[in-house]
Every structure is written in structure tokens, then in C-alpha cells.
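Undergrad: Per Swiss-Prot, the feature active site, proton donor maps to 208. According to Swiss-Prot, the feature active site, proton acceptor maps to 340, an assignment based on sequence analysis. What Swiss-Prot records for 166, 340, 369, 370, 391 is (2R)-2-phosphoglycerate binding site, and it gives sequence analysis as the kind of evidence. Positions annotated as Mg(2+) binding site by Swiss-Prot, on the basis of sequence analysis: 245, 288, 315.
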């Protein structure tokens with residue numbers, strides 16, 4: 001096998017994401033003519049501690065959201081350093097970009113510029129070696145197909161309705177395989193559409209393909225999903241479980257949680273009790289960002305109350321950052337990390353966060369962003385690291401479906417070697 005393949009060109013362009021906002025796409029060409037292409041996603045509800053997504057700020061173009069500065073950084077500063085380097089040395093590539101940037105949060109070059117290059121290099125390397133991306137990143141033991149965490153009702157910043165919690169999801173942990181899990185989710189999605197229509201609700205969809213009905217309360221969203229699970233012929237709490245992403249940083253004001261849609265303002269202790277009640281009443285297996293990103297005390301309360309039986313995922317809390325994750329592990333808060341490549345900005349830093357989480361007994365859930373592209377890197381990544389869980393939207397909208405379809409291809413390629421762990425993917429809780 002080759003051990004040195006030279007990078008001969010690094011080129012970026014501005015393209016559009018699924019929310020009609022500009023984003024960065026990067027092509028990396030190698031000495032043998034092989035090319036790797038990667039497009040970068042973008043979030044709507046972003047954590048305050050995420051790496052910087054460089055935007056142009058020129059209001060006369062794309063409402064200030066252009067990424068031509070980031071593109072230029074790739075085509076000049078980054079390309080000048082990386083051309084001539086060995087594409088197989090991912091650690092050196094990412095380290096070089098981190099040093100070129102020189103800031104704690106990628107503010108100079110932009111995490112969107114750096115991530116595009118980092119992923120395009122990995123893809124070019126895999127292509128040159130004739131390997132699948134998941135095999136290249138994960139090696140010979142990359143084999144676990146993930147349980148989908150599928151967003152089917154949107155609220156909060158992902159939808160224009162009065163539901164406070166941002167995402168209501170289903171997880172087919174009782175399925176025997178990934179393809180069967182996907183089928184189950186698809187059937188529940190269709191059943192939910194029919195259920196909402198029959199009750200007079202709108203069936204327009206949000207950024208991630210989930211429905212965005214103007215429901216009366218957060219709890220009603222859970223109830224209507226449970227109806228849909230049953231309508232599709234499955235058993236809630238056995239075949240399919242519920243997962244929530246309240247995105248609590250978005251509703252945290254002056255030390256309290258404002259559930260405006262329900263006309264309630266709760267203290268951290270009361271908010272924790274709110275989740276306890278929901279988890280006792282419904283088959284909730286996972287709650288993401290149940291508390292705000294800087295409410296460490298609230299997180300501690302929530303973890304002590306239900307951290308042994310519900311997966312508590314830190315997204316805004318950890319932002320795929322080993323420093324923040326390390327603090328959380330020491331404090332004993334949460335038991336899982338959401339992995340978003342663009343929160344940190346390079347592939348190797350992402351892999352470091354996953355490794356740290358797993359060493360501490362935390363699960364890692366690989367995730368999309370609300371602004372996505374047709375890029376399917378996260379489908380390969382989740383299998384590469386055997387994470388066992390993926391969050392990439394509803395089984396609708398082609399930028400979401402692209403990831404599921406890639407996982408179907410990987411499942412087919414792995415054949416008998418592939419594993420779908422179902423409930424065993426939740427090694428962080430008592431089931």
C-alpha cells in the first residue's frame with residue numbers, strides 16, 4: 001500500500017445549503033489524479049462555544065451570509081501550506097491548519113474553511129486507496145450500523161410554531177437491522193402525517209424534514225407520535241422509543257427556562273422535574289440539551305435524577321470540544337455527547353472527542369446540522385467509529401435521505417460483518 005500520496009491542489013467554492021444559505025465546498029486533488037470533495041453544513045441553533053463559522057457580513061449579498069472569505073482562505077493561505085503534503089497524514093494536515101489559524105475557536109480561517117479541507121483530504125485519500133471512507137477512517141473493525149435518532153416533529157428554532165422544545169424524535173432500537181429500522185421510521189413518518197391531517201393540523205415540514213404542526217403543548221407532540229407508532233403497527237417502548245432535543249439554551253433567560261408556548265417559567269430544578277415526569281409517563285430513551293450550555297448546576301441535577309435510565313446528550317454543552325467534554329466528565333454531568341464536525345472544525349479533533357467520550361463511558365451520537373448538503377460524510381463517520389447512533393433528520397428532504405441511503409449502501413457492503421446493536425448502543429444507561 002502507498003504510504004505517501006502528494007496533495008497537488010486544494011480548491012474551494014461557494015455553494016448553497018438546504019436552507020438556501022451559502023456554504024463551503026472543497027476539492028482536494030492528488031498526484032495520481034484522484035479527487036476528494038466535501039461540503040460543510042451549518043446550524044440554526046448554535047452553541048456559544050462552537051468554532052467560528054466565517055461569514056462575509058456583506059448585507060448586499062446573501063443577507064451577509066456569504067462565505068467568500070472562507071473560500072479565499074482555502075484557496076490561498078491553506079492551499080499554500082497543504083500542497084506538497086502527504087494526504088495520508090490526516091493528523092499533520094489538521095495540525096497544520098490549526099497552527100495556521102492560531103486562535104482557540106478557528107476565528108481567523110473559519111471552521112467552515114478548515115473542515116471542508118479536512119474532510120476533502122480524507123475522502124481523497126480513501127478514493128486514492130480504493131477504500132470506502134468508513135474503512136479508511138475506522139480501519140478493519142468499522143462495522144456498527146447506527147440506530148437512527150429521527151426528527152419527526154419540529155419546534156423551537158427549527159419551525160414557525162408554538163412548540164418550545166426543538167425536536168421530537170423516534171429511535172427504532174428494537175429493530176433487527178439498520179434497513180429494518182429505516183423502514184419502521186418511514187412507516188411511522190407516514191402514519192404521523194395521516195394522524196396530524198386527521199386532527200386538522202398542518203403537515204408542512206421544518207428544516208430537518210420533520211412536521212411543524214401548531215400543537216397545543218410539548219406533551220401533545222409526544223402523544224401524537226405515540227399514536228403514530230401504534231398506527232404503524234409498532235409498540236412504543238419496545239420497538240420504537242422517543243428522543244427529545246429541547247435545545248434548552250434557546251429558552252434559558254435570567255437563570256430560568258421559559259416555556260412560552262405553555263405559559264410557564266421554570267427553575268433548573270423544576271425543569272429537571274418536568275423531564276422526570278415525561279420520562280416516567282412516556283418511553284423516552286434520550287434527551288439532548290435538556291439544560292442550557294452554561295447551566296452546569298442544572299445539568300448536574302438532571303443527571304442525578306435520571307442519568308441512570310435516560311441518555312442525556314450534551315450538544316451546546318460540549319460542542320464536540322474535548323476541553324468542555326473533559327469538564328463535563330469530571331463534574332459527572334450528562335452521559336453522552338453529540339458529535340457535529342463543524343462545531344470543532346477538523347476530522348482529527350472530532351475523532352479525539354469521540355475517543356474521550358467512549359473512554360469515559362459516554363455514548364457518541366453523530367449528527368447533521370439543520371443547514372445540510374448532499375454530502376454524506378457523517379454516514380461513513382458513524383460506522384467508522386462504531387458510535388451506534390446517528391441523528392440526521394426525518395426520512396424526507398433529499399439532504400437528509402442522502403445520509404440514510406449511504407448507510408443502506410454501507411450495510412449492504414458490510415453484509416454479514418455489519419452489526420446493528422439496537423438497545424445495546426445505549427451502554428450508558430440501564431435499560
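For all residues, glycine too, the Cβ spot is worked out from N, Cα and C.
For each listed feature, how buried is it and what is near it?
TA: On its own chain, residue 340 (active site, proton acceptor) has 41, 43, 315, 319, 320, 367, 368, 369 as residues at least 6 apart in sequence with a Cβ closer than 8 Å to its own Cβ.
Using a 10 Å radius centred on the Cβ of residue 370 ((2R)-2-phosphoglycerate binding site) and all shown protein chains, the other Cβ atoms total 23.
Mapped onto three states, the DSSP output places residue 288 (Mg(2+) binding site) in strand.
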Undergrad: Once 245, 288, 315 are set aside, which residues in the chain still have Cβ within 8 Å of the Cβ centroid of the Mg(2+) site?
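TA: What remains near the Cβ centre is 166, 167, 244, 246, 247, 287, 289, 313, 316, 338, 391.
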Undergrad: Tell me the Cα distance separating residue 391 ((2R)-2-phosphoglycerate binding site) from residue 245 (Mg(2+) binding site), rounded to the nearest angstrom.
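TA: So the Cα of residue 391 ((2R)-2-phosphoglycerate binding site) lies 11 Å away from that of residue 245 (Mg(2+) binding site).
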Undergrad: Within 10 Å of residue 208 (active site, proton donor) by C-alpha distance: pick out those among the binding-site residues 166, 288, 370, and say none if nothing qualifies.
TA: 370
